[in-house]
Amino acid sequence: MTKETIRVVICGDDGVGKTSLIVSLVKGQFIPNLQAVLPPVTIPRDFSSSPYSPKNTVLIDTDNSDPLAIQRELKNADVIWLVYSDKDSYERISLYWMITFRSLGLNIPVILCKNKCDQYTTNSPLEDFLDTKIEDEEFIPILMAFKEVDTCVKASAKTHFDVNQSFYLCQRSISYPISPLFDAKVGDLKPSAVAALSRIFFLSDEDQDGFLNDNEIMDLQRKCFGKSIDLNELNFIKHTLSDLTSSEEYPSEILYCQGKGLTKQGFIALNKIYTEKGRHETTWGILRAFNYTDSLSIDDAVLFPKVNVPEQASVELSSKGYRFLVDIFIKFDSDNDGALNDTELHTLFRSTPGLPNLWLETNFPASTVVNAKGFVTLQGWLAQWTMTTYLDYKITTAYLVYLGFQEDAKLAVQITKSRRMRRRQGRLYRSYVTDRKVFNCFVVGKRNSGKSSLLESFLGRLFSEAYSPTIRPRVAVNNVEVTGDKQYYLILQEFGEQEEAILQNPSRLAECDVLCLTYDSSDPESFSYLLELLTNNEIMKDIPVVFVALKADLDKQQQRCKFQPDEFTDTLYLDHPLHVSSTWSSSLNQLFKKIIQASLEPGKFTPGFPPDIKPTNIDYSSAVILGSSIGFLALFSYTMIKLLKPTQQ
């Protein structure tokens, strides 16, 4: 993006008027008999309304008698203002100056300025002064030979003609560089510029009909430039594109369609015209409004805004984030069936780098709620983004920007309070939770205990008898309604072959709100796996636990281990295992609600606390009200006694 300060080095042969140009710019008038070389002159941003103008511009005058000093200044320059005034100084542009710049390895723009234009007359002097077109016979050879020459301009320090314009062109070459946009050799916009403009067209096409109608053009104009487009200019754009349609340059492309609007190719052609005519600041105005940097990538500061997330806190979507995601879903659900099919999903993500890697890793859409055809529903769409935000909020902020979120992306997320800890019997345990709506549950158990079926049932899918062992981690996310119509989101994770390694990793366990310890109640060897895990991993006992006896629709078997499940949970002062079957929907609902309860009240589900010291939720507000009431009554009674006492005497 624009630098705070840019350095403009003015070069050229002796006598071309370098110093006079600087003085004419600063003083607004011609002053004769100047000193040979001026010290650096700093010009602040006080005349430009553009937010992309540099804060300060430093003009460096040069003395040709000290070539080493010139070289030092050139190596620190951001742009070169190269001045000539006659035939001899013009010839030295290509024979000396441009060769010198290249020998120094400079890769900065050069603004070529023909000074002292007041000395040249033609049959029409006014015409000569106003002729600043690039087709000038002196400029074209230079532009063709040296790609580093950004633009050319005629000026006169004596009459102050186009001195300000020359200075602006120096600033513009940095604030609105043409090199990222236009390939002079090919004579066309660069692919990266076409890609950026195509994305902007896509985001601006609100009704997704492939055209920018008048209202959409007006909205784009207001977003980019803060004002409505003039109707005459809009009609001129339409006529220009209509004339170009079927021209030699665009033989088979429709650029503008009467009654519909600009096509994507027409929008790109319009911006090509802007760059060819030296109006590329207009194109940059459009690009900058969509947060593109000079490298034509979206600014990282916009994609990944600084969000302060305290340790043991989590990140969730805010109401603005949810609202935007609902609107996006509705916008691209073109058949209004309440789900996004493959085509609609592909179209939705056209303005992004594609599906997030996290979604691919979690096997989206198998990770969330889909309809009978396997298409993600609105419920599943919101659940997937909820999980994404919880696991890696930076993915969410970046993709919301890609999808067209207009505000600061950090407004789409909110930070929960840090997890609080309390102490009982010398042990720390997690305090109750009041402000979180998203919880993370690790589903643990022996192979073939029914974990995968549990995840499938959580997403509302039909039970399958077929067994397929889980190798890679799996995840499922859905919303859960608890008593009082309160809605929470629950993430269930199954780890497959990585299970033991993850359970031995303190940092991974810290991410877990509840351990769902499952066993197959019809397999006598299943519960012993959990006993062994808890024996070998003491750290697991610091996390809230819910025991679950799966496959409860099958015959219950005595477990071949030291403790039976009910006995073991009694030793931990925990509830007996819930008996759950993937074919019993009521038991599933009971389990998911219990996991949410354990997340909200972790102290009650942490192993090892006897019932008499189980942490309870204290209604502090009631206590405060009660205490205040007692205090008020005491004060009132005391006051009345004091008032009545003299009367009694």
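Note: Cβ is positioned from N, Cα and C throughout, glycine not excepted.
Note that the coordinates shown come from a computational prediction; the quantities given were computed from them, not determined experimentally.
Taken from Swiss-Prot, the feature topological domain 'Cytoplasmic' covers 1-623, and the record attributes it to sequence analysis. Annotation source Swiss-Prot lists domain 'Miro 1' at 3-176, citing sequence analysis. According to Swiss-Prot, the GTP 1 binding site annotation covers 12-19, 61-63, 115-118. The domain 'EF-hand 1' annotation in Swiss-Prot covers 192-227 and rests on sequence analysis. According to Swiss-Prot, the feature Ca(2+) 1 binding site maps to D205, D207, D209, E216. Per Swiss-Prot, domain 'EF-hand 2' is recorded for 320-355. As annotated by Swiss-Prot, Ca(2+) 2 binding site applies to D333, D335, D337, E344, with the evidence given as sequence analysis. Under the heading domain 'Miro 2', Swiss-Prot lists 436-601, citing sequence analysis as support. Marked as GTP 2 binding site by Swiss-Prot on the basis of sequence analysis: 445-452, 481-485, 550-553. Under the heading transmembrane segment, Swiss-Prot lists 624-644. Look at Swiss-Prot and you will find 645-649 tagged as topological domain 'Mitochondrial intermembrane', backed by sequence analysis.
In terms of C-alpha distance, the listed binding-site residues K18, K116, D118, D335, A552 place D335 closest to D207 (Ca(2+) 1 binding site). Annotation note: V482 (GTP 2 binding site) sits in a strand segment as assigned by DSSP.
Taking the C-alpha positions, the distance from D209 (Ca(2+) 1 binding site) to D63 (GTP 1 binding site) comes to 60 Å. Here the domain 'EF-hand 1' (192-227) is broken down by DSSP into helix, strand and coil counts: 25 helix, 1 strand, 10 coil.
Per-site Cβ counts within 10 Å over the binding-site residues D118, D207, D209 peak at D118.
Residue counts for the domain 'EF-hand 2' (320-355) under DSSP, split into helix (H, G, I), strand (E, B) and coil, are 23 helix, 2 strand, 11 coil.
Within the same chain, residues at least six positions away from E344 (Ca(2+) 2 binding site) with a Cβ under 8 Å of its Cβ are F332, D333, S334, D335. Same-chain neighbours of the Ca(2+) 1 site beyond D205, D207, D209, E216, judged by a C-beta within 8 angstroms of the site's C-beta center, are, in sequence order, S204, E206, Q208, G210, F211, L212, N213, G261. Residues 199, 202-203, 206, 208, 364, 370-371, 373, 375-378, 381-382, 385, 389, 396, 399-400, 402-405, 407, 411-413 of the same chain lie 6 or more positions beyond the ends of the domain 'EF-hand 2' (320-355) yet place their CB under 8 Å from a CB of it.
When the Cα atoms are compared, D205 (Ca(2+) 1 binding site) and V16 (GTP 1 binding site) turn out to be 51 Å apart.
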